[in-house]
Amino acid sequence: MKLSRISAINWNKISDDKDLEVWNRLTSNFWLPEKVPLSNDIPAWQTLTVVEQQLTMRVFTGLTLLDTLQNVIGAPSLMPDALTPHEEAVLSNISFMEAVHARSYSSIFSTLCQTKDVDAAYAWSEENAPLQRKAQIIQQHYRGDDPLKKKIASVFLESFLFYSGFWLPMYFSSRGKLTNTADLIRLIIRDEAVHGYYIGYKYQKNMEKISLGQREELKSFAFDLLLELYDNELQYTDELYAETPWADDVKAFLCYNANKALMNLGYEPLFPAEMAEVNPAILAALSPNADENHDFFSGSGSSYVMGKAVETEDEDWNF
C-alpha cells in the first residue's frame, strides 16, 4: 500500500511573516471565560428590566449561533485552501477560539440567568427568521467551491455580523452596567478583530494571483453579498430591538463595521460617514482603556483573574 506523505510543520522556516505575527498575537491573547468574575454582575443584572434581560439573552444566543457556525464550519472550510502550513495552524487557533467564545456566553447564562429563560432564548434563536437567514447565507458560501468567496463570507461574519449583538453590552457598559460581562465581550471583540484582519489579509494575498477580470468579479460579489447581509441585518435589528429605542443607533454601528469589513478585504467603504456615525459612548466602551480596568492587549487586568504563585516562609503564617 502506498502511503501519502505528511509534511511536519516547521515554524523555523516561514514563507509569510504574517502567519507568525498573527499566531503570536492570538496565543498571547489567549483567555478563558472562567477567569472573568461574571458573578460581580449579578446585582446589575437584577436592576435590568424584563425586556432588557430578555434582549440580552437573545443577543447572546444569536452570537453563540454565529460562533458555532464559525467554529464548526467556517474556519475549517478555509484550511484546505491555505497558502502555507502556518496559515492552517492559525486557522485551527481561530476555530478553537470561536468555540471558547461560544462557551463564554454559556458562562454568562449560567451565572446571571434562569435556566427556563435561557432555554426560551435558545428556542427563539432557532425560530428567528433573519438570524437563521444570515447563518444560511454564510454557510452556503462556506460549503461552496470558491476559496475566495469563502474568505469574503468569513470576513463579513467576523467583522460585520457580530456587531448588531456586540452593541448591547457596550451600551450597558457605557452606563456602568454589566461591566464584567462587557470585559468578556471585549476579549471576544479583540479576537474577532484579529480574525477578520488576518482572513482579509489572506484574501488580498490570493487576489494577487488572479486576473483583473476575476478581481472585478469578486469585488462585485463582495459588495452584493454585503448588501444582502445588510438588508437582512436591518430586519434582524428591528426584530431584536423592537421594544427599545435603540435600533437606529445599532444600525449606525452596523454601517460603521460594514465599512471596516470592506477595508479588511482591501475595498473602499460603502456607507457614507453620516450613516456610520456611532455614538461616542459606544466607541469609548469599545476602547482598550475602557473603565473596567482591563488590559485589552495582554488579557490581564482587574477583571481577568489569574492566580500568581508567591513563595512563603513558615513565619508568614504566624498571624
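Glycine is no exception: its Cβ is also placed from the backbone N, Cα and C atoms.
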- [ ] Select one of D67, D81, D119, D145: the residue that Swiss-Prot places in the Fe cation 1 site alongside E98, H101.
- [x] D67
- [ ] Out of E158, E228, E233, which one does Swiss-Prot list together with E98, E192, H195 for Fe cation 2?
- [x] E158
TODO: Starting from the Cβ centroid of D67, E98, H101, which together make up the recorded Fe cation 1 site, report each further residue of the same chain whose Cβ lies within 8 Å of that point, ordered by sequence.
DONE: L63, T64, L66, T68, Q70, N71, M97, A99, V100, A102, S104, I188
Task: Other CB atoms within 10 A, centred on H195 (Fe cation 2 binding site) - done: 28
Open item on the list: Beyond the listed site residues E98, E158, E192, H195, identify every same-chain residue whose Cβ lies within 8 Å of the center of their Cβ atoms for the Fe cation 2 site.
Closed with: Q70, I94, M97, H101, L157, F162, D191, V194, G196
